[in-house]
Each structure stands twice: as structure tokens, then as C-alpha cells.
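These come from TrEMBL:
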BINDING   C305, C351, H352  Zn(2+) binding site
REGION    25-48  region 'Disordered'
Amino acid sequence: MGDNMSKRLKLISASEAEMEERAFPNLYPDWEQADPAADPEDHHDEPLDAEGQVSSVFQKKVQSKIKDLLQQMEEGLKTADPHDFSTYTGWTGIALLYLRLHQASQEALHLQRALDYVKRATRVLNGRKVSFLCGDAGPLAVGAVVHHKLGNEAESRDCLSRLLQLQRAVLSPDSDVPDELLYGRAGFLYALLYVNRELGGAVDQATVAKVVTAILESGKTFSAEQKKSDRCPLLYEWHQKQYVGAAHGLAGIYYLLMQPGANVHADVLSELVRPSIDYVRHKRFRSGNFPSSLSNESDRLVHWCHGAPGVVHMLLLAHQVFKEDKYLKEATECAEVIWHRGLLRKGYGICHGTAGNGYAFLSLYKLTKEKKYLYRSCKFADWCLAYGTHGCRIPDRPYSLFEGMAGTILYLSELADPQNSCFPAFEL
Ligand SMILES: [Zn+2]
């Protein structure tokens with residue numbers, strides 16, 4: 001073997017080793033159009049039936065696993081941190097799971113559980129953060145919705161007015177509130193849009209517009225401060241880094257700004273948001289994955305928080321807003337990366353786990369109606385059915401919505417109605 005050849009092989013195996021360190025090789029066969037001549041009995045194990053819907057056999061497996069995991073979660077939560085009220089790792093995340101289960105099943109018990117958990121959350125708020133995922137806005141927004149569904153209008157209004165009071169901190173020019181989704185203004189904007197979706201416009205457009213303007217101004221100012229020749233008109237940083245992904249970065253912020261409910265003017269979308277999205281697109285790796293930050297050049301993370309599984313949602317919405325195929329094409333390329341590198345060793349969660357990656361396929365399915373994506377989301381669900389058997393890392397908050405079991409249960413529950421699936425605290 002020539003020297004060059006052996007060097008090349010070494011390089012290849014190094015990157016494969018790196019990949020295997022983070023993800024399990026995906027050994028599931030990919031979607032193929034079923035052979036119409038084949039005996040349908042051969043396909044009884046497949047997750048999709050002849051009509052391309054999730055088969056009743058697979059659906060049953062999923063539903064029984066949901067029951068089993070819910071029991072384990074309830075048991076595990078008995079020792080969870082009583083002061084963690086957050087959507088991300090605390091009580092509000094569990095409330096949100098039950099709210100979603102109630103939507104699907106109409107079972108009163110699920111709504112009651114949602115109420116119990118959100119009450120635990122709103123009792124221990126600390127006024128330190130403003131976002132839906134990690135701040136007071138999450139419990140207050142979910143509280144407003146749960147109370148409303150139970151007919152407790154006074155309590156619902158109280159939550160709503162406390163939510164709106166947070167805008168002082170969000171809008172104050174000398175606040176140190178960042179712009180990203182997890183802790184920042186985009187995370188507060190999500191709370192407003194969520195309440196408006198659930199309670200039919202309870203938050204007035206003037207308030208939404210003020211928050212949107214604050215995000216736009218912050219991005220313009222920071223962009224102007226950069227002395228780069230290739231300017232990104234809306235630029236943001238978090239902890240001195242220009243992150244790209246959905247949780248801390250540009251993709252999450254642009255995704256919120258493009259939401260119809262954010263009512264951003266078409267000129268602003270085309271003059272500021274669109275060129276910013278295109279700027280991020282040019283940072284894409286050859287694999288189709290995206291870097292975790294603009295200065296990062298290693299193609300490693302395939303998580304919702306960092307990488308293609310978060311950016312894909314921005315691309316899909318850009319396709320709907322700007323009606324250009326290049327966005328959809330790159331979204332489908334994200335899906336390839338996620339299919340091959342998305343069964344994560346970090347676990348089965350939503351933020352940086354297999355369930356969160358599965359949501360990318362659900363979103364592609366909702367938009368394209370291609371069975372391939374529903375099939376792939378079922379295969380990622382199938383992986384989650386073997387929860388705990390792959391030797392994955394155990395997260396710090398193992399039962400929580402974004403790190404742990406509650407998120408996996410939520411993902412599994414989406415398969416009952418994939419067309420209405422919704423990544424929590426992000427999709428609208
Ligand atoms: Zn994460």
C-alpha cells in the first residue's frame with residue numbers, strides 16, 4: 001500500500017472513529033418503496049402500512065412503551081429537584097408533556113397532572129430569567145393555558161399578566177438579556193406566540209412587535225460592530241460566541257422571526273432575515289451538517305441544540321416563507337446527515353438525543369408528505385422503544401423534558417398524529 005493511500009485510510013478511519021464516538025451506526029434499512037408484487041404478509045413488521053400510515057402493530061408497541069415510560073418517569077420524579085421549575089429540566093416540562101397527552105387523548109387525568117406540575121413550577125419562580133425554556137415565561141405561559149382549559153379564568157389571567165410583566169426586563173436597554181432561544185429574547189417571543197396560538201390572540205400585537213424590534217435592533221447593532229467584509233445583517237452572540245444552532249444560535253432566532261405570528265414585515269424578512277439565513281447556509285459543511293458556531297470548523301455535533309437537527313427547521317420555514325427550493329433541498333440534506341449520524345450516544349432526549357433528532361423527520365414529513373420521512377421518524381422511535389439498552393450516557397436530569405425521559409415520551413406520542421406533531425418550546 002502506498003504511503004499516500006495509507007495516510008488517507010488513516011484519515012478516514014479517524015473521522016469514522018470520531019463519528020462512532022458520538023453516534024451509533026444506523027443499521028436500520030432505509031425507506032424503499034414497497035414492491036407491489038410482494039406478499040403484504042412480508043411487511044407485517046414494518047412501521048408503515050400499505051396506505052403509508054403508521055401501522056396499527058407499530059402504534060400498539062409505541063403506546064404500550066409510553067405507558068411503561070410514564071410510570072418510570074413518575075417514580076423517578078419523586079427525587080427530582082423541587083426548585084427546578086423550568087421547561088427544560090423541571091416541572092413545567094412535565095406539565096407540557098401532560099398537556100400534549102391530554103390534547104391527544106382528551107383524558108381528564110392528563111390535564112389534572114398538567115395542572116399539578118405547573119402549580120409546582122409557578123410556586124418556585126425566581127425572577128432571574130425571561131425565556132420559555134429556562135426562565136419564568138415558560139411556567140407562566142403554560143400556567144395560563146392549563147388554567148384556561150380548566151375554566152379557571154382568573155388564574156389564567158393572573159399568569160398572563162405576570163408573563164407580560166417580564167417584558168420590562170426583556171426590553172430594557174441596559175439589561176443583559178441575550179437574544180437566543182434558551183435564555184434570551186427569542187425564548188420570550190416564543191412564550192408570547194405560544195400563548196397566542198393556544199389562547200387565540202391573548203397577547204396584543206404591539207407587545208409582540210416591541211419584542212421583535214428589540215431582537216432586530218440587537219442583531220443589527222452587533223452586526224455593524226463587526227469589521228468583516230462578508231456581513232451577516234442580523235448577527236448575535238451568546239457568551240462571546242456566534243452560535244449557529246437552534247438552542248443558542250442564529251438558526252433559533254431566525255426561525256422565531258419568520259413565524260407568521262411574529263408578524264415581521266415582508267421587507268424586513270427579505271432585506272435582513274433572508275440574507276442572514278443565506279450567510280449561515282454558506283457555513284455549511286460538505287456533509288450537509290452545520291457548525292455549532294461560526295468560528296467552529298469541526299463537523300461533530302448532530303443535535304437539535306447544535307447542528308443540522310436544529311437548523312433543518314429554519315431551512316424548512318425559509319422554504320415556506322421565501323418559496324425557494326434551495327432551502328428545501330438543503331433541509332433534505334440535513335435529513336441525510338441525521339439519518340446516518342443521529343442515533344446519539346448522549347441518549348434519547350430532545351435537546352441532544354435521538355428523540356430531538358427524530359423531530360426533524362416529522363417536520364420534513366409534515367411539509368413534503370413523503371413517506372420516507374415518516375418511516376425514518378418511526379425507526380428513530382423504534383430505537384427509543386429500547387430505551388436504556390444501548391449503553392447511552394445518563395443525563396443529569398434523567399426524567400426531564402429536554403434532557404430525559406419526558407422528551408422521549410413526548411416524541412413517541414407524536415406518532416399517533418404525525419401531521420400535528422410539534423417540537424416543544426420551539427415549533428409553533
Ligand atoms: Zn443540547
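Note that Cβ sites are derived from N, Cα and C of the backbone, with glycine treated the same way.
Automated prediction, rather than curation, is the source of TrEMBL annotations.
Summary of the Zn(2+) site environment: with the site residues C305, C351, H352 set aside, the chain residues having Cβ atoms within 8 Å of the Cβ mean position are A247, H303, W304, H306, K346, G349, I350, G353, G356, F402, E403. If you take the C-beta of C351 (Zn(2+) binding site) and look for same-chain residues 6 or more apart in sequence within under 8 angstroms, you find Y88, A247, H303, W304, C305, F402, E403, G407. Secondary structure at C351 (Zn(2+) binding site), as computed by DSSP, is coil. Of all Cβ atoms in the protein chains displayed, 23 besides its own lie within 10 Å of the Cβ of C305 (Zn(2+) binding site).
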